[in-house]
Amino acid sequence: MAYDYPKEKISVYVSDDGGSQVTLFACMEAAKFAYHWLPFCKKNNIIKRSPEAYFATNHSSWSYDMEEIQKMYESMKERIEEVLEKRKVGEEYITEELECKAFSKWTKHGFTRQDHPTVIQVLLESGKNKDATNHLMPNLIYVSREKIKTSPHNFKAGALNVMLRVSATMTNAPIILNLDCDMYSNDPRTPLRALCYLLDPKLKSNLAYVQFPQIFHGINKNDTYSCESKREFCCNLLGLDGMLGPNYVGTGCFFNRRAFFGGPSTIVPPEIPELGPDSVVDKSIQSQSVLDLAHMVAGCNYEYKTKWGYEVGFRYGSLIEDFFTGYRLQCEGWRSIFCSPKRAAFLGDAPISLVDVLKQLQRWSIGGLQVAFSSFSPLSFGTRYLGPLMGLAYAHYCFWPTWFIPLTLYAFLPQLCLLHGLSIFPKLSEPSFILYVFLVLGAYGQDLLEFLIGEGTLQKWWNDQRMWMIKGLSAFGYGCLEFFLKCLGISTYGFGLTSKVIDDEQSKRYGQGMFEFGASSNMFVPLITAAIINLVSFLMGFLQVLRGSKMEGLFLQMFLAGFVVLNALPIYEAMVLRNDKGRIPFKTTATSTCLALALYGLVSLPLGNRN
């Protein structure tokens, strides 16, 4: 809302897919605070225009205005937190008749998160509302689409399509910025940067979107869970920009509205002309006809027998709707641009617990496989419409979770063979041993070099390669398993949201670089099982060395087990040494120990017979 851009040309739509009256109340409070905040930003030429980020910064200059505006902000936060604690908006917080009418829908019987009518509330109207200095304010509209338990809602892609239609009926701006709820603007001139590309006569005819890198704040010193994801959100996007453009990463992206309605040369008309990209809205956003139409297009059954989600709008068919939508748009002939200014355009929150990281990766894994084994597979459909390079680039992401196969094999097979004295790698005296050493040092050396070039540190790289192994033994494997079970009709997908709630103790442990295992999750079981087997095999091999046994043929297996043990130190610590809530639950440790014994016994049968 505080962008350096004509306020009468900005419309902010807040999508609340949970249908929470607390969220609506928070938006109302934000609208009231904006009355003072927008002119304060303009007067003082503030760069960080997220008030939370601004007040968290140490300021060298103090002013009476700053003190007053901070008091207003803290007061607003207190009211919202009080309502959040009560889980409802009491009458003492409602001061106007319009607000009372807005919250009346929640008082009706049967309003639940999964079953409720459409709620569209205009909180600010640019033509009417002005700030404290008598300047126009942007439009601010709260939207919660209709939900009925018996109707499919297509997760985030469905919510985004509702936003496309509602915004078309009310303002229909040609440029759309999509931003996740846990991100904030870090540069007030970002729209001007995007418009440099979107309005360029040489580009605009086939430019679908301008993607900014996804950058996170609040990550601890050594990035314990490798949440920066520089390869995925920075390096790879820069590389793709040299071909047909970066993939869409779900947030921090400016879209050309026209791109959602067919290819650059052939438009797919919507079912009603008011939703078309060239439609002009000449009525007030609070006029009854506009609101009636907005409610209609936000209905849960509106898309029935239409092209929404398949040829129009954000695309359905994958849990990673952002990746799939960007891919489909490029296959239709659209191109994209990667814009990475020195000052980050947006900053977002990263998960601070291991289970949240793995759940997010599991969802990405399932979504990638859905695309890989669909009729739009990058290996066939992608290479035909995008060419072999872009097709293989998208295939790299789609088949990413299949890395669990070699990672799982290397985590268990050499170590179990080591326990039985069986050599599966070349001996030190064999020429092929040099090849193995070259491959290991070459792969890890290249990975380290790329990481350091990307302004990473040695400790961050160590955590990054550790997380790569953790992902392979947990999220990737579980994602593949759930996908193939769904193919057999055994399970159903769930859109797991990443938690945005931060516990103080958990945050403190994260700041200290400690792994968070407190939540009970099946994904921890293979990790702990691998840690136990590698530790036992390494210790048994080391005892053999101390006894004078010749271990020439088992050196590589011992080295591999020792490398895994070194990476698994946080797991051993959480199993035995820690007493905080982030330690590994005893039940998980016991399950993993039993599984390790069972796995050892299972492998002992064929290997014992062979010996």
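Note: Cβ is positioned from N, Cα and C throughout, glycine not excepted.
Just so you know, TrEMBL annotations are computer predictions that nobody has curated.
Annotated features, as they stand in TrEMBL:
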- Asp17: active site (ACT_SITE)
- Asp322: active site (ACT_SITE)
- Asp17: UDP-alpha-D-glucose binding site (BINDING)
- Lys156, Asp180: Mn(2+) binding site (BINDING)
- 394-413: transmembrane segment (TRANSMEM)
- 433-454: transmembrane segment (TRANSMEM)
- 475-495: transmembrane segment (TRANSMEM)
- 523-542: transmembrane segment (TRANSMEM)
- 554-572: transmembrane segment (TRANSMEM)
- 584-603: transmembrane segment (TRANSMEM)
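Here the features listed in TrEMBL are painted onto the structure.
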| residue | record | contacts (Cβ under 8 Å, 6+ apart) |
| --- | --- | --- |
| Asp17 | active site | Ser144, Arg145, Lys156, Ala159 |
| Asp180 | Mn(2+) binding site | Gly250, Thr251, Gly348 |
| Asp322 | active site | Asn247, Tyr248, Val249, Gly250, Thr251 |
Worksheet entry | Contacting positions for the transmembrane segment (554-572) when only residues 6+ beyond its ends and CB under 8 Å are counted | 410-411, 414-415, 417-418, 421, 423-428, 433, 436, 465-466, 469, 514-515, 517, 527-528, 530-531, 534-535, 537-538, 541-542, 545, 584
Worksheet entry | Close approaches to the transmembrane segment (523-542) from elsewhere in its chain (Cβ under 8 angstroms; 6 or more beyond its ends) | 354-355, 358-359, 362, 408, 411-412, 415-416, 418-419, 470, 473-475, 477-478, 517, 551, 554, 557-558, 561-562, 564-565, 568, 571-572, 575, 584, 588-589, 591-593, 595-596, 599-600
Worksheet entry | Count of other CB atoms lying within 10 Å of the CB belonging to Lys156 (Mn(2+) binding site) | 19
Worksheet item: the transmembrane segment (433-454): which same-chain residues, six or more beyond its ends, come within Cβ distance under 8 Å?
Response: 230-231, 234-235, 425-427, 460-461, 464-465, 556
Worksheet entry | Positions on the same chain near the transmembrane segment (394-413), where near means CB under 8 A and six or more residues out | 247, 323, 327, 364-365, 368-369, 371-372, 377-379, 382, 386, 424, 469, 471-473, 475-477, 479-480, 526, 530, 533-534, 560, 564, 599
